[in-house]
Amino acid sequence: YILKTIILGQILSLFICGTAVTSQYLAEKYQVNTPMFQSFINYSLLLLVYTTMLAFRTGSDSLWQILKQRWWKYIFLGLADVEANYMIVKAYQYTTLTSVQLLDCFGIPVLMALSWFILRARYRLIHFLAVAVCLLGVGTMVGADILAGRQDSEGSDVVIGDVLVLLGASLYAISNVSEEYIVKNLSRVEFLGMVGLFGTIISGLQLAIVEHREIMRIQWNWKIALLFTVFALCMFGLYSFMPVVIKVTSATSVNLGILTADLYSLFFGLFLFFYKFSGLYILSFVIIMVGFILYCSTPTRTAEPTALPQPSSTGLDNAALKLEENDNETPTITVQFTRGETVVVSTD
């Protein structure tokens, strides 16, 4: 189980690495900074595939019935998901890579708190120790960045950037907890179809407001189109595969597993962007994986809902109703009268 969890988590990390590398290549090589447009492409693919699947369903889990019962909940979920993606990418314009990597981990304790109250997850001491070990690994990775001279210059307004990262991490936590609840209690297709529908609408509106000028300035060629295509496929793969992993594990476990995504991005950056290598990167990878294995080694438990207290005695009417409900479990009683007023009672 632990090996399966590790492999699934690292597949997600590779998808995230693909989105990060293509975005950075677009920004550094072609000066293309269009995070909302890139998200819009992903949500449109989800709409095309999964919302269409819902549209062909009939019965209680059809698109119309889902919209009729839960449309307002999915509006909030779509808004949280879209803005989380946008805020994290936007933060890079204001603060440093180091700050983003450190503060992005704020989403993990928020996620654990939401899981405690909403999903009724109950953690043991080893889970908190495992999270601490993973965060230590992130700190080691940031230290390696600083020693390798990869920490970027100060942004235009560090406070704004840091606040954006904290808000984005919190919104990611809300989205992930909602995803775990929907995937485990409803269906994966419903989650992806609804996020695709409302994510396309929200990101499309925001795109028209904040990024239309950047899109007009793109000098399109086959390389830029290829980078956009690879980004879209990696993001679509991430969104499609993550519910599968969350159903097997949990949202918290997934978020710990994908902490290695930055390290994979670094390894690609050694060849594409000529980053300097440090042995601390390998150490940070090992520390994160140790923490991840510790977390997965002991399953969390789910708190049972508190049972309503039963009355000590019931009235005659309630007792009669109870007898009717348990009629199948009650033995049949046969009463026979014989001469001499003897009563014989037998049960079948």
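Using N, Cα and C of the backbone, Cβ positions are placed for all residues, glycine too.
Cβ atoms under 8 Å from those of the transmembrane segment (7-27) belong to residues 33-35, 38, 89, 224, 227-228, 230-231, 233-235, 237-238, 241-242, 244-245, 248-249, 253-254, 256-258, 260-262, 264-265, 268-269, 272-273, 292 of the same chain, restricted to positions at least 6 beyond its ends. Annotation source TrEMBL lists transmembrane segment at 7-27 (among others).
Beyond its flanks by at least six residues, the transmembrane segment (39-59) meets 65-66, 82, 85-86, 189-190, 192-197, 199-200, 203-204, 207, 228, 231-232, 235-236, 239-240 of its own chain at Cβ-Cβ distances under 8 Å. As annotated by TrEMBL, transmembrane segment applies to 39-59 (among others).
If you look up TrEMBL, you'll see 100-119 (among others) marked as transmembrane segment. Counting residues 6+ beyond its ends, the transmembrane segment (100-119) has Cβ neighbours under 8 Å at 88, 91-92, 131, 134-135, 138-139, 141-142, 145, 161-162, 165-166, 168-170, 172-174, 176-177, 180-181, 250-252, 255-256, 259, 262, 302 in the same chain.
Distant neighbours of the transmembrane segment (126-147): 97-98, 101-102, 105, 108-109, 112, 256, 259, 262-263, 278, 280-281, 283-292, 294-295, 297-298, 300; these residues of the same chain sit at least 6 beyond its ends, with a Cβ under 8 Å from one of its Cβ atoms. Per TrEMBL, transmembrane segment is recorded for 126-147 (among others).
What TrEMBL lists as transmembrane segment is 159-177 (among others).
As annotated by TrEMBL, transmembrane segment applies to 189-210 (among others).
According to TrEMBL, the feature transmembrane segment maps to 222-242 (among others). Sequence-remote contacts of a segment are chain residues at least 6 beyond its ends whose Cβ falls under 8 Å from one of its Cβ atoms, and for the transmembrane segment (222-242) they are 11-12, 15-16, 18-19, 22-23, 25-26, 30, 32, 38-39, 41-42, 45-46, 179, 192, 195, 254.
Annotation source TrEMBL lists transmembrane segment at 254-274 (among others).
If you look up TrEMBL, you'll see 280-298 (among others) marked as transmembrane segment.
Long-range neighbours of the transmembrane segment (159-177) within the same chain, counting only residues 6 or more positions beyond its ends whose Cβ lies under 8 Å from a Cβ of the stretch, are 77, 80-81, 83-88, 90-96, 99-100, 103-108, 110-111, 114-115, 118-119, 246, 251, 254-255.
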